[in-house]
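Novice: Have a look at the structure that comes next, please.
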Amino acid sequence: MASPSMRWIDDGCNVDGGNPGLTREKLFVLVVADDALVRKVHEKLVSKLKVAKQVQTQTAANRKEALDLHLSGSSFDIILMDMQMPIMDGPEATKELRAMGVESMIVGVTSVDATADKEAIVEAGLDECLAKPLTAEKIKYLVETLERNK
Amino acid sequence: MDVAQLKRQLFEYTTLLFHEGFLDEQFTQLQQLQDENNPDFVVEVVSLFFDDSERLLNELATALDQQNIDFNKVDAHVHQLKGSSSSIGAQRVQRVCIAFRNSCQDKNVEGCLKCLQEVKHEYSLIKNKLEILFNLEKQILAAGGSPPV
């Protein structure tokens with residue numbers, strides 16, 4: 001089993017005292033994408049955001065790695081699921097995670113021209129669908145939604 | 001050349017790349033993700049893009065060389081190339097990929113072959129320009145400065 005990469009970013013000492021939105025203590029995010037470039041960019045994007053005092057990211061390159069992480073006891077606040085993986089089927093992976101009882105926010109990340117995927121997305125049990133490219137604003141929106149639904 | 005001159009050269013070169021549509025704001029986003037913890041982030045991501053693209057361009061050439069072209073396969077490769085190019089802000093490569101996908105959907109062999117040539121051309125242009133950009137940054141570092149974001 002390939003070992004997923006894990007990064008622990010402690011932003012505690014850099015907390016922006018003037019940011020009223022920074023109420024979260026911790027944020028755990030899983031980035032699932034088979035393309036190493038996409039994994040790298042999305043993971044970095046999330047880990048740099050000061051949306052919580054501590055942000056921890058992990059990556060998974062395929063459905064199996066994502067499921068294995070959960071089976072081994074990991075849990076996440078947000079799962080960013082790339083929907084464009086040719087080998088790994090994003091909607092299928094989501095269905096399997098939901099069947100396992102995973103209640104995390106699962107966000108499908110797809111291309112702008114893939115609006116037809118929206119039905120598959122809802123059917124699979126995804127909470128949100130975002131178009132690439134992912135931006136700081138889009139991730140912040142997810143965290144805000146997470147806070148609102150707490 | 002001193003650091004100030006090199007920095008000015010880098011700034012002008014980068015501005016030109018944006019102005020001519022070679023790069024878009026996604027590249028800026030990548031630059032903003034770079035910091036002292038990951039000082040080579042942009043170079044690393046762009047290297048992944050070069051590796052991905054070269055592999056995909058080879059696969060496309062092979063797929064389009066077949067007697068019976070599998071357009072779904074071709075489309076899947078182009079889709080991936082479009083994805084990586086958009087992730088780094090390689091706008092012109094991305095645009096050709098969009099046209100390429102249309103040719104795939106129309107099962108237009110000539111269109112696909114033409115797009116392959118165009119995408120190879122745009123890829124080699126952006127590769128060359130990014131290498132020049134990174135070289136300028138290296139020169140700035142070597143001269144004792146830090147590259148502007």
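Note: Cβ is positioned from N, Cα and C throughout, glycine not excepted.
So TrEMBL lists the following for this protein:
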DOMAIN    A:28-147  domain 'Response regulatory'
MOD_RES   A:Asp82  4-aspartylphosphate
Novice: Same chain only, sequence gap of 6 or more: which residues have a CB within under 8 Å of the CB of A:Asp82 (4-aspartylphosphate)?
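Specialist: In sequence order, the residues whose Cβ lies under 8 Å from that of A:Asp82 (4-aspartylphosphate) (at least 6 apart) are A:Val32, A:Ala33, A:Asp34, A:Asp35, A:Val38, A:Gly90, A:Val109, A:Thr110.
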Novice: I'd like to know the mean pLDDT over the domain 'Response regulatory' (A:28-147).
Specialist: 87
